[in-house]
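Record features (Swiss-Prot):
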{"type": "BINDING", "residues": "11, 59, 87, 93, 104, 114", "note": "ATP binding site"}
{"type": "ACT_SITE", "residues": "117", "note": "active site, pros-phosphohistidine intermediate"}
């Protein structure tokens, strides 16, 4: 499996509820490598670009209002198959349909407050990483336990 990067964001509800450490821990325990991390208050412009594919949908304004309502923790994770694996860790978009053991299954109840966003594919991941991070904000590094994470 190829080493990939994906974009993950803890939304304002997850930050306000103090779930940042819990969520970071789940990705770290899985064995993924954190290569970008920052907390920010997204501008309406950034939010509009991020959710641009939904611009013509009736819920677009609500998405922008919510993601700009408080701080967001933006992350870039790296690892073998990280895009698909992150989606499994995160769980279904609708928390009541998310499996127990997933982030949304364990920590969210309502689709409008579903705690976390994760890229849904390679093209989206690249777009979102480039949108939220500059190249200088991403750190290539090798964990000391790398040989224990994946078979070479």
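Cβ coordinates come from backbone N, Cα and C, glycine included.
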Residue 87 (ATP binding site) to residue 117 (active site, pros-phosphohistidine intermediate) - Cα separation in whole Å: 9
Recorded positions: 11, 87, 104, 117 - member with fewest neighbouring CB atoms within 10 Å: 87
Residue 114 (ATP binding site), number of other Cβ atoms within 10 Å: 22
Where residue 87 (ATP binding site) falls in three-state DSSP terms: helix
Cα-Cα distance linking residue 117 (active site, pros-phosphohistidine intermediate) and residue 59 (ATP binding site), given in Å to the nearest integer: 16
Inter-residue Cα distance where the pair is residue 104 (ATP binding site) and residue 117 (active site, pros-phosphohistidine intermediate), in Å: 10
